[in-house]
Amino acid sequence: MEGHVSGQANKPMSKPAHALDRDTVRNELNADVKQGLSESEAQSRLQEYGNNELDDGPGVQPLKILLRQVANAMMLVLIMAMVVSLAIMSWIEGGVIAGVIVLNIVVGFFQEFRAEKTMDSLRSLSSPTANVVRDGQTINVPTAELVPGDLVELKLGDTVPADLRLIESLNFETDEALLTGESLPVTKDEEAVFEEDTGPGDRLNVAYSSSTVNKGRARGVVFATGMHTEIGSIASALRKKDSRVRPVKRRPDGSTHPLRHVESWMLTFSDAVGRFLGVNIGTPLQKKLSRLAMLLFGIAVVCAIIVLAANGFSNNPEVIIYAVATGLSMIPASLIVVLTITMAVGTKRMVQRHVIVRKMDALEALGGVTDICSDKTGTLTQGKMVAKKCWIPSRGTYSVDVTNEPFNPEEGNLLFTERSAVDNSSDERDEKGGEGYDAETLLENNDQLRGFMLVASLANLAHVYKNKEDGTWQARGDPTEIALQVFASRFGYNRSKFLEGDTPKYKQVSEYPFDSDVKKMSVIFENVEDKSQMVYTKGAVERVIDTCDTAIWEGTEEVDLTDQMKSTILENMEALASLGLRVLALASRPYDAASGRRASRDGPPPREEIECNLVFRGLVGLYDPPRTESANAVKKCHRAGIKVHMLTGDHPGTARAIAAQVGILPDMSMISAKVADAMVMTAKQFDHYTDEQLDKLPVLPLVIARCAPATKVRMIEALRRRKAFMAMTGDGVNDSPSLKIADVGIAMGMAGSDVAKDASDIVLTDDNFASILNAIEEGRRMFDNIQKFILHLLAENIAQACTLLIGLAFKDSTGLSVFPLAPVEILWVIMITSGMPDMGLGMEIAAPDILERPPVSLRKGVFTFEVMLDMLAYGLWMSALCLSSFVLVVYGFGDGNLGSGCNDSYSEACDLVFRARATTFTCLTWFALFLAWQMVDMRRSFFAMTPGTTGARHLTQWFWDVWRNKFLFWAIFAGFITIFPVLYIPVINHDVFKHTGISWEWGIVFVEAFLFFLGAEAWKWGKRIYFRRRAAKDRITPEDLEARAFGEFHSDSEGELGVQSEK
């Protein structure tokens, strides 16, 4: 960067880019403005120039990660326990606790470091992308992979990915406020050349990195990337962090009370403590668990005080160690680490299922989604448009037979009938009764068809061409425009025929891009020879015919467009839409400069002066087939208790047909006409309601056609007032408000604008509706797994704490309490039988019925009534069995002598206590390990976790279930194996763990383990019966949930819902 001149390229050119003409820049950068760079050349330049990224600072910071391992309530308890142990010279306990602290920090550090690296890589995946021409194809690549010389295409809503020297543009404006502070959009001119010392704000032939496209379209060559861009030079200023010091509240005159300074210092200090303990940073769940850690910290202190009080606040080291052990028993030390790892693994799994998580909050929110508001084109459908039919009033209906190559204009037969679309729509096969024609025959003496094809070809930005190397037909551009361009090419009206070559026939002088409010797109072309100008318009049928005054209805002469004619046009539109076709109207007219200023690229006339007095040319029907997986995905959503709404800009007939095909609408033959009208509304009908009227509707519509961005926002607000939790899809700039306010905003990765992606929570890399279901399934899976390991951890804590607190009743000959579990034993259970198995539980696959139950309640979170009850049931059952094992060894098979000093060291008199303690420890360890397997499914039996298995496999299914999750299997296996060294190795058993090897006591362990398993299975059996009955009573079975998607529409067809259709 040293010596870099503003406006220069990564490798300096003869002059800055703005001071050179287009051809010179292209030559000096070795760029190809037609084919773009080859992939191999792009990779070579990427190696030479590096990634197109700003220096975003340190990235993953190991020191901060290390600090986070220490700065939490769990670790503070361990540190306090270590200090107390060392202070009373319990060196072994203190040393072991210190070892546990180091181990926890090291394991937590490396696991969180890996998780941060994973999230860092995911952030790069969800970064803005650019449309680049390489090897003659327009492809979508991450902006980081752009190199000098790349040919970039820009359209409305895009973020400029690098500094570009513009090659061609049309009505192109960018917002450069971030760079120059100029609040107004800047109109660009690619033909201009400026002096070298021209300031950044006046370089009108350059588009700057990070600016956004406000209007028009353009193509440009990248000349500067990364820190060599103009924005790179001020990147350090933009990266300044906000102050963490709370501001002092002041009066209007600027003065303040001295106590306000104290208040500011106190709030700043509390914020710092909150950040240190994690209670005010992270996702909502992470904050909740950090607060739980603080609560457990308080409970641990209370438990320790209870132990001291029960022993008369004696300063005997044995009493203090007992208090330390009880405090440690309440600390699930691995909780935060396991949560971090689980969420990182979840985000990685989502990438494999075509979902990129941009905001971690979305992970927790996905499991609670009750309604999905989805777009149609490219999401529920394939996004591969084919022009199937066109209707020209004075001629008839032209059709294209079945084709398997949507880009090939030479594939498929052209069919023609003089009947209108209305007469020809009863059965699509009727058209085959017409004859097959070649294009020349159809165009002969047919000015109406020629005029129609000119509009289809020129009011169009798509490129359809034949690859010279392999002879295949290729296309780039919007799917709708590609379909129209292919259709025009069938008749020899490809856009390139009129605009390219040595003597082009037309020159484009103005463009009015498609706008979601006006729902039209228009262009003005000038005849190169006679300088006459023509307006060509396409768009939504209702909007276009409103701007038409005339039409060629019968014969060859223009006539005034009457209301009767408009009705006929709308009838033909309905006929085409009923076939599931997206219908557009085409129109044109000569543009007479006398009626306004002459159209030019520098001063295009106002849009309202152009889109008026048009001549109606005809209708075209485009077919976008539903994705094969959409219908199944919608059905699964219904079974999961999720309603699917389709919000599309298409005509109601098209929207209704596609919605019925994918299952968003039920069999309409079973629904009354009034209710059918209620199911499908136009945006105009929906927006006609006030908020109060919407809230009084029994149900909201399943399909909204002709949907505008403002309608999406109102739909979200209406759903939210009904306590729904919604996901909203979007791809355009105007979708960003709805994506921002939705509970889960979902942007399209392929077709979506950068503005939409920036406003979203997750991005679909394949733009597929089924991927939304994948995301919800992953969200529910993670929610389930978090519940599982939290339940496992806290049930163990309850078991340990109850065992120790009730164990206060076991007094030795000196009157001091003898602990049933030693401090090191407790740490062993926390670290070995909790940490690793809980990581395994976090990696569990989704339960078989995860998409056959209602959405989770985010208000309750993971701590549902069921989880709280399970926690107590399992914890108390384990505690009862642990205490019974201690009692059996000491009092059942022993003489009941608890000796003296048995909390401190081994002696012959303490052998019985050490054996009882070893038995209790072994039981608790096995219970914790078995509980981890029981937690794989919180309701199903351990022996039947996979439903539907029959025959011999049914008897062995449990083995395959435990073997499936190999991480969990080996973590539990290690827990079983490692108990033998700590029981039988001398010194370790007596001096460290305060127990001794056992023999006949294994019989007690096996019986207790069997009883634990029996109790757990009985508890789950009781839960299954209860929830099965409640599901039947509350009608929340999968079949009920699926039926509920349409049930409200079936009920009272004529009564409750009739009011909707009247509107």
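Glycine too: its Cβ is placed from the backbone N, Cα and C atoms.
Keep in mind that TrEMBL annotations are predicted by a computer and have not been checked by a curator.
Here's what TrEMBL has on this protein:
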COMPBIAS  426-435  compositional bias 'Basic and acidic residues'
DOMAIN    16-90  domain 'Cation-transporting P-type ATPase N-terminal'
REGION    1-25  region 'Disordered'
REGION    418-438  region 'Disordered'
TRANSMEM  70-89  transmembrane segment
TRANSMEM  95-113  transmembrane segment
TRANSMEM  292-313  transmembrane segment
TRANSMEM  319-345  transmembrane segment
TRANSMEM  872-894  transmembrane segment
TRANSMEM  914-933  transmembrane segment
TRANSMEM  967-988  transmembrane segment
TRANSMEM  1000-1019  transmembrane segment
Quick check for me: are there 3+ Cβ pairs below 8 Å between the transmembrane segment (319-345) and the transmembrane segment (292-313), leaving out pairs under 6 residues apart?
yes
Go through the chain and flag residues at least 6 beyond the ends of the transmembrane segment (95-113) whose CB is under 8 A from any CB in it; none is fine as an answer.
60, 62, 65-66, 68-70, 75, 78-79, 81-82, 85, 328, 333-334, 336-337, 340-341, 823-824, 827, 830-831, 835, 992
Rounded mean pLDDT for the residues that make up the domain 'Cation-transporting P-type ATPase N-terminal' (16-90):
81
So which of 70-89, 914-933, 1000-1019 has the most C-beta pairs under 8 Å when paired with the transmembrane segment (967-988)?
914-933
Counting only residues 6 or more past its boundaries, what in the same chain has a CB within less than 8 Å of a CB in the transmembrane segment (872-894)?
791, 794-800, 802-803, 806-807, 810, 820-821, 912-913, 915-917, 919-920, 923-924, 927-928, 931, 1000-1001, 1004-1005, 1008, 1011-1012, 1015-1016, 1019
Same chain only, please: residues at least 6 beyond the ends of the transmembrane segment (1000-1019) with a C-beta under 8 Å from a C-beta of the stretch. Say none if there are none.
870, 873-874, 877-878, 881, 884-885, 888-889, 893, 915, 918-919, 922-923, 926-927, 930-931, 934, 941-942
Helix, strand and coil residues within the region 'Disordered' (1-25) as assigned by DSSP:
7 helix, 0 strand, 18 coil
